[in-house]
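Structure record follows, encoded as structure tokens.
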């Protein structure tokens, strides 16, 4: 199982002792693991007046609007915006609704349709006292809608029209919430509207709490179904988030261990073998489904949750949250089409019998998973997934409030007992918790833990709940985990075609429009919390800062909800505070790049794997576009030739790679361990030789590793893929009893018999002698007995159970094949080998009592059966068969094939017919006449524009193919009248925003090297300035560069000076010595300082010789002309400190000439270390621009968020010191 923990520790800047930081996470176990979803909460002491309620800045986060219903053309219909399906029918057959909202200087045309989130059989069931059950038609679902904003196809809308408009509106880069205007808020602003109008408040997530405060204010008259949270989470006690798994009942912790370790709970009674295979549903592959995958979801709200929001309003609230969850799973970055379908909602007024819910998340989830496993619909069908929403402040390891947000089993989806999660109600952020926990149920683990994805990239599966500038998406690792899970049989429950959904809809507004920033703070920090009023309004789109009694502003580093107001006519969209209602580019759906070349084969023999891959980058999905459908890789087998006989098994090679790597401080010799569960066949399990333990050394074996010794199937990317006897991936071809691929046993002769003789105990007795070349050998006892099967050769060499020594069951390789020896306490003994054998074998029985009877059988190819007299002589003759012509015109060939027939009608192997009488099979010419002329189009030219609609053209030719010739151009009149298209429109999608640099400024210096700057803005095609995040897909042009207007006056102290001569290049005879010119400056003290040569480029170099000959002593002359090594002087060291290298040349010389007669072991060294003294530490110069802008910056490195865009820049000095 996996728990999602949100660390709520309020860290006071002036508090004593070091604050607790977000803890690290342990490893993930194989089946049931617990995952920690952690985020540090920073509390900063700010000067605040206790009476502050948010300040005037809140006006920038919300506006008052009056929505009106319009028709599809935008024409006014009515101010009455309360809609149910019955009402809609009056306007026509269309199910769509249209509203217009004017806000922030723009008209938003909302186009809505009934939401497909709910099943047509969706019902709300209320479980009351004494188990009383009430099932009713829900009032809310008839007014739930989803849709988009007209002229902004990257937008999404999810609203309820039950009592005005309430919900979420998402544009390209902003998120808004909308809800009916609370009366108290209207009174504060002295606002009133004409009779018949229904005023609403449109606000960002930053204003959610403020609007919500007015909605929940005692005595406040609400004009929409509100949610009045009475739950105040207790202050965090700096508790460590916990990470644990249950596979072997061991405990691990997220972060540092507490002073005491909680006792692990007892074994879960319900954690039994999963029953996802017994649902009766078709087990098609979910990963290869061409349609969307549907997660039929049961949602259960406990009594505290129902009490918190009210029985009448909780349904609307839950469906609003689930609608947000649905949109997160429809995000293009997930890479699959996942539909969340709510089939039932159960509201608990009291806990039913058998269900225990309290603060203890682990125990509560155990109880809930077991309880929901017994729930079955009236039609006998079960839900695929169950979600428990609780009003308890849950804790993963004790029955007290702490920092846990959710809990879920990893890879539990579709399991009867493990497809379930528990999630703590925290407001609209609950949607992210549900998506995160359900992601674990889909087999996803945290980013950055055992995978290459980074922890703090703002993805849904990040261990810390921190968005990428307020935007959450799915990482590439999450896509891979999901893809792997969907390829398993377990995911088959998701392939069900969804039944037509009913009339139930989701709220059609952004969450931040329905619930303002104050309400979001109240959900996160308690009923008395509200938005912090001290200058953090513009940053709430990245992190929502809240203020509660105690004069502290604090955050959980979670962004305000999409659509939360962040300023005057501004709202939060995708983590940016942007202009309200700003329209963005259309979604760009991802398209695949071209396939790459085939990779290298993973093996040199024995059947490896190679692949081609492509990337979803042509273009990549943007602005809400869909991820590319299909697979990013295709595989095929390669190098299928057998490996040499004595070569090491491929799996054994991989285990042997760990022989020289210490394992827990010791070296072992490893060999493969294959007695594992079927789903673990593609993991690398190795056993230490001479020790009784094995370990999973790798999560997956190398591609091309056989899944098991006796099958053709191979492992690819950790998944066992089917391979037929024809060595084709995905092939179901099998060999017959005689090893003929796709054979029908027609070439086999079968032998079988029964051995029933009784003998004296404790002796060996022959059962059957099977000759070499036998295949499909099977020897089996008829009943359980105390006797044992044995095998030996004709020369009395025992291969199995010889010398009265009983072998354990397993695989035994001898006689050219592998025998599978099965012996169980409740089944008779059995021996099986596919063959063929390369020697004659004698199968015996070592009697230990009565012989129950032994059945044996084997097969021999008929051509080998020379000892058996033929019962019938067959007549074999050749016959020719011919194919159709290879072409219909232009000259082709008919291929002719000779086949061997038995008695003129049965085709058999060609070896039965005589080669001497085989007829000729030369191909025949056919259809040797010219083809009709046709148009041959050329390649399309490049598009004239990359976006906004361009043109491309191509040339066409009229060609004709004559017999056995290439096509040649002919008159256009010979071709058909209609011609292929020669010009077409291309790249019709809207142009994305792009960087727009302004002209360069003047150079900062009048001479020498200076700097010039320019402003670089992100602009739309209409030259409107947009947030920089919208242009992040392309490199940002440089805003600063170096410049030189002219050379500065000369430095009179610079001059060229020649260095000293080097040593002579030869120790005897004629050599060469060199020197070089250096650019130096002479100081007042007379010292010379060397500069790069470019500093003296304006000074004329002196005319000096830099190389001259040098004569050393005469080389000795040897009478016997012995070859010797001669070395040059050592060159200058490569560095002055810290350890460098000196080199020299060494030559073998004989009588002054190069020679190869020197002894190699006497050759002097050509390289040596030099200047190994330590270098002095460089002086650090502080960057004057690297400063802290806030007094609480010292907390940022303590909580590990220096890589956060906002906190890293604003607290540069603290982060630099920490590093």
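The first residue you see is number 1, and the count goes up from there.
Cβ atoms here come from the backbone N, Cα and C positions, even for glycine.
Here's what Swiss-Prot has on this protein:
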type	residues	note
DISULFID	369-420	disulfide bond
DISULFID	395-402	disulfide bond
DISULFID	414-493	disulfide bond
DISULFID	453-477	disulfide bond
DISULFID	521-546	disulfide bond
DISULFID	532-553	disulfide bond
DISULFID	541-572	disulfide bond
DISULFID	566-577	disulfide bond
DISULFID	601-638	disulfide bond
DISULFID	605-643	disulfide bond
DISULFID	616-628	disulfide bond
DOMAIN	1052-1116	domain 'TSP type-1 4'
DOMAIN	1121-1176	domain 'TSP type-1 5'
CARBOHYD	151	N-linked glycosylation site
CARBOHYD	190	N-linked glycosylation site
CARBOHYD	745	N-linked glycosylation site
CARBOHYD	838	N-linked glycosylation site
CARBOHYD	865	N-linked glycosylation site
CARBOHYD	909	N-linked glycosylation site
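Neighbour counts were taken at the CB atom with a 10 A radius for the disulfide-bonded residues 369, 402, 414, 572, 601; the maximum falls on 572. By neighbour count, meaning other C-beta atoms within 10 Å, the densest spot among the disulfide-bonded residues 577, 638 is 577.
Cβ neighbours within 10 Å of residue 190 (N-linked glycosylation site), excluding its own Cβ and spanning all shown chains: 6. Here residue 546 (disulfide bond) is compared against the recorded positions 151, 638, 745, and the shortest C-alpha distance is to 151.
Counting other Cβ atoms within 10 Å of each Cβ, the lowest count among the disulfide-bonded residues 532, 566, 605, 616 belongs to 605. For the domain 'TSP type-1 4' (1052-1116), residue counts in helix, strand and coil come to 4 helix, 25 strand, 36 coil, using DSSP.
Ranking the glycosylation sites 151, 745, 909 by how many Cβ atoms sit within 10 Å of each one's Cβ puts 909 at the top. A count of other CB atoms within 10 A of each Cβ picks out 493 as the most crowded of the disulfide-bonded residues 493, 643.
Taking the disulfide-bonded residues 477, 521 in turn and counting surrounding C-beta atoms within 10 angstroms, the largest count is reached at 521.
DSSP assigns residue 566 (disulfide bond) to a strand in the three-state reduction. Here the candidates are the recorded positions 190, 395, 420, 553, 616, and by Cα distance the one nearest residue 477 (disulfide bond) turns out to be 616. The closest partner of residue 420 (disulfide bond) among the recorded positions, by CA position, is 493; the full candidate set was 402, 493, 532, 643, 745. Cα of residue 605 (disulfide bond) to Cα of residue 638 (disulfide bond): a distance of 8 Å. Of all Cβ atoms in the protein chains displayed, 35 besides its own lie within 10 Å of the Cβ of residue 541 (disulfide bond). It is 35 Å from the Cα atom of residue 521 (disulfide bond) to that of residue 414 (disulfide bond).
Note on proximity: of the disulfide-bonded residues 395, 453, 601, 638, the one nearest residue 616 (disulfide bond) is 453, by Cα distance. Helix, strand and coil content of the domain 'TSP type-1 5' (1121-1176), in residues and according to DSSP, is 3 helix, 19 strand, 34 coil.
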